[in-house]
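Participant: My questions all concern the structure below.
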Amino acid sequence: MKVVLLVCLVWMMAMMELVSCECWSQADCSDGHCCAGSSFSKNCRPYGGDGEQCEPRNKYEAYSTGCPCEENLMCSVINRCQSA
């Protein structure tokens, strides 16, 4: 019984963490983050650092697999951040 309660508690904490990072648009995210994900599950994610996954910036600020790169980095053709 204690194990079941513990599992439920951990599950609830995980769900609360997921919901707290949820976003609908770029305005929902803090500086240094973008709103990225599928239509039903978008989360605020940090901009890509050197060698990390990225998506090129676009005028709609719509990103599905990753954020644009941090300043002074560019998103390469293989969707990895690299020095500009």
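Placed from the backbone N, Cα and C atoms, the Cβ positions cover glycine too.
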Participant: Swiss-Prot annotation: Cys34 disulfide-bonded to which of Cys8, Cys21, Cys54, Cys67?
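Facilitator: Swiss-Prot says the disulfide from Cys34 goes to Cys67.
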Participant: According to Swiss-Prot, which candidate among Cys21, Cys44 shares a disulfide with Cys29?
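Facilitator: Here Swiss-Prot pairs Cys29 in a disulfide with Cys44.
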Participant: Among the disulfide-bonded residues Cys44, Cys67, Cys81, which residue has its Cβ surrounded by the fewest other Cβ atoms within 10 Å?
Facilitator: Cys44
Participant: Please report how many Å separate the Cα atom of Cys34 (disulfide bond) from that of Cys54 (disulfide bond), as a whole number.
Facilitator: 11
Participant: How many Å lie between the Cα of Cys23 (disulfide bond) and the Cα of Cys29 (disulfide bond)?
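Facilitator: Computed Cα spacing between Cys23 (disulfide bond) and Cys29 (disulfide bond) is 7 Å.
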Participant: Return the residues near Cys69 (disulfide bond), defined as same-chain residues 6+ apart in sequence whose C-beta is under 8 angstroms from its C-beta, sorted by sequence, else 'none'.
Facilitator: Tyr47, Gly48, Gly49, Glu52, Cys54, Cys75, Cys81
